[in-house]
Amino acid sequence: MRKILVTNALPYANGDLHLGHMLGYIQSDIWVRFQKLQGNQCIFICGSDTHGTPIMLKAKSLGITPEELVTKYSNRHLQDFTDFEINFDNYHSTHNSLNKEIVEDIYNKLNNKNLISKKAIAQAYDPEAKMFLPDRFVKGTCPKCKAEDQYGDSCEVCGATYDPTELINPRSVISGQSPIQKNSEHFFFDLPALEKNIKDWIESNTLLQPEVANKLAEWFEQGLQSWDISRDAPYFGFAIPGTNEQKFFYVWLDAPMGYIASFKDYCNKNNINFGDFWGDSSSESELYHFIGKDIIYFHALFWPAILSSTGYKTPTSVFANGFLTVNGKKMSKSRGTFIQARTYLDNLEPSYLRYYFASRLTSRIDDIDLNLEEFVTKSNSDIVGKVVNIASRCAGFIYKKFDATLSGEIFDPELESEFSKNHDAITQAFEKREFAHAVRLIMALADKANQFIDYHKPWQLAKEEGQEQKVHQVCSQGINMFKVLIAYLKPIIPSIVAEAERFLNIQFISWADAPKFLINHKIDKFKPLATRIEKEKVDKILEDTKKMFENEQAPQSKKEEPKLDIAAECTFDDFMKVDLRIAKITEASHVEGADKLLKLILDLGGVTKQVFAGIKSAYKPEDLIGKHTIMVANLAPRKMKFGMSEGMVLAAGDGKGIYILEPHEGAQPGMRVK
């Protein structure tokens with residue numbers, strides 16, 4: 001039994017998942033399900049990537065805390081994964097004490113090995129927003145390939161990485177202004193010092209995809225650079241120890257460590273020894289990271305370097321997948337092809353998309369096109385027309401005429417052998433992540449099964465006298481071929497297979513048993529396992545997507561301007577007659593017999609005045625002593641039954657509360673307000 005730990009890239013918790021995301025998660029889930037059917041101890045972990053400026057700013061725009069935002073999207077992501085039958089063994093988060101402990105421990109180990117340095121660097125700064133701009137909040141032209149509209153850390157066209165200050169014609173995505181440069185002290189990880197570690201890892205990695213190896217060779221040729229692992233406050237994340245929360249760990253430092261935290265959390269819950277899978281000496285275990293091709297740089301350079309220098313096992317391999325296009329073009333909100341996972345799930349079953357993706361996925365880093373017309377045709381033809389149809393054509397005869405019991409003899413041993421002989425080839429295809437090849441092999445067997453049924457025509461045999469035994473044997477062989485096909489498809493379409501298992505009265509728990517025929521076995525009554533996709537369902541997905549983004553982009557209705565009950569207009573000269581002064585409250589006390597008044601003694605810089613103020617409902621006397629406020633110093637004294645009031649303190653109110661005015665720090669008693 002192999003010990004395998006599989007991670008998938010952590011989804012960023014500031015928005016909903018779309019079908020492009022699901023491509024990678026479906027790929028890894030199929031592989032994990034296959035490994036578990038093989039009898040291997042395969043643990044599948046993931047979690048939410050929850051730090052960074054995008055989350056901080058989005059939360060601010062929504063009027064909620066970053067913690068509330070990431071909780072909201074983490075829950076939505078997990079529900080999408082569950083409904084798409086992505087079966088993680090543990091789903092965690094990067095924003096918790098366990099991950100913080102791991103991040104700080106790894107940072108301290110790197111620092112103790114002199115792999116962390118500090119230096120002042122020029123940073124992009126938005127003078128309008130008054131903040132340093134993280135990489136992803138600067139856009140411009142790539143300095144390498146000159147592609148436009150690229151982020152400040154890496155180019156999505158050529159894959160190059162660079163500093164935001166290297167961008168051509170940079171602009172702030174917050175204000176649209178051209179950022180200026182300001183110096184700030186940052187923390188750097190000495191990646192060049194670990195070049196040998198990375199190259200040793202690459203040379204020992206026999207499973208590394210050629211495209212990844214070629215890209216790594218290109219980066220080595222360009223020369224490795226020290227990696228900036230810090231970001232300036234304000235920032236949502238973990239503060240770097242000893243910086244008084246002015247510097248924070250860059251999200252790409254703590255995000256991969258979320259893999260470790262998620263697995264440690266799983267180990268704690270299930271009494272598993274962490275070191276057996278991810279210790280430095282755990283040579284017998286296997287560690288695989290499934291990622292998108294846009295984050296190879298972080299997983300195949302930085303991550304092995306960090307792990308190798310801090311006592312952790314390096315990945316057995318990193319498997320990258322390509323991007324998703326729809327109808328041959330980049331996903332588009334206006335065309336309705338930027339389809340969110342939930343929009344799909346509201347209209348169609350997940351099995352169809354899982355199968356379609358599997359029929360296109362290989363071990364290469366190829367972009368996958370979701371051709372919607374072909375998606376409908378293939379789902380209806382393969383799942384419904386080929387596989388499920390075999391059972392529907394044979395089950396009724398077995399259930400009604402032969403007491404729901406399969407024959408004790410195999411009618412066509414040669415055909416049975418062909419189904420069995422393909423087991424090794426299908427197994428190898430799944431193991432190597434050549435899912436498209438596995439699907440082709442399975443569908444070729446489905447074609448043979450349907451040809452067998454078409455040739456023998458059990459529906460005609462059933463009408464002929466003396467052909468009962470042949471009908472029994474032909475239909476039993478048909479059900480058995482269906483059983484083998486459905487077992488091979490279990491990693492791909494688990495919910496349909498679960499229904500088939502109930503019909504067959506078995507449970508596929510061993511991959512080795514997949515090609516075995518059932519003899520004298522009792523089945524249940526057949527019920528439809530899948531229905532054909534109607535084109536209208538797909539059209540509705542596109543329409544729902546268009547409407548969703550139209551609503552997002554529609555201008556907000558103009559709010560009615562609030563109306564203020566402004567007093568009658570006065571001249572400037574009239575206003576200047578009012579002498580407003582800074583006053584310090586030296587004494588404050590209750591007024592006996594007064595429900596609303598407090599007695600205040602005010603110091604105006606050597607001159608003392610007594611004022612009765614109607615602020616008792618809002619303030620305790622002891623809380624006011626020592627505060628500075630603003631008073632009308634030249635208001636005619638007013639004799640009250642409690643004493644003489646020699647002015648008025650200024651306060652604001654809306655009928656719900658009272659707020660005395662306080663001047664800015666530095667204002668002194670007696671200063672005139674102008």
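Note that Cβ sites are derived from N, Cα and C of the backbone, with glycine treated the same way.
Long-range contacts of the motif ''HIGH' region' (11-21) within the same chain, counting only residues at least 6 positions beyond its ends with a Cβ under 8 Å from a Cβ of the stretch, are 46, 48-50, 52, 54-55, 58, 69-70, 73-74, 76-77, 80-81, 93, 323-324, 326, 331, 338-342, 344, 353, 370. The annotation motif ''HIGH' region' is assigned in Swiss-Prot to 11-21.
According to Swiss-Prot, the feature Zn(2+) binding site maps to Cys142, Cys145, Cys155, Cys158, an assignment based on sequence analysis. In sequence order, Cys142, Lys144, Cys145, Ala147 make up the list of same-chain residues 6 or more apart from Cys158 (Zn(2+) binding site) whose Cβ falls under 8 Å from its Cβ. Cys158 (Zn(2+) binding site) falls within neither a helix nor a strand when secondary structure is assigned with DSSP, and so counts as coil.
Among residues of the same chain six or more beyond the motif ''KMSKS' region' (330-334), those with a C-beta under 8 A of the stretch's C-beta atoms are 18-20, 324, 545-546, 549, 553. Feature annotation from Swiss-Prot assigns motif ''KMSKS' region' to 330-334.
If you look up Swiss-Prot, you'll see Lys333 marked as ATP binding site, on the strength of sequence analysis.
Among the features that Swiss-Prot reports, domain 'tRNA-binding' is placed at 574-674, with the record citing sequence analysis.
The Cβ of Cys155 (Zn(2+) binding site) lies under 8 Å from the Cβ of Cys142, Lys144, Cys145, Ala147, Thr161, Tyr162, each of these being in the same chain and 6 or more residues away along the sequence. Summarising model confidence by region, the domain 'tRNA-binding' (574-674) averages a pLDDT of 86. For the binding-site residues shown (Cys142, Cys145), fewest C-beta neighbours within 10 angstroms: Cys145. Within 8 Å of the Cβ centroid of the Zn(2+) site, not counting the listed residues Cys142, Cys145, Cys155, Cys158, the chain contributes Pro143, Lys144, Lys146, Ala147, Gln150, Glu156, Val157, Gly159, Ala160.
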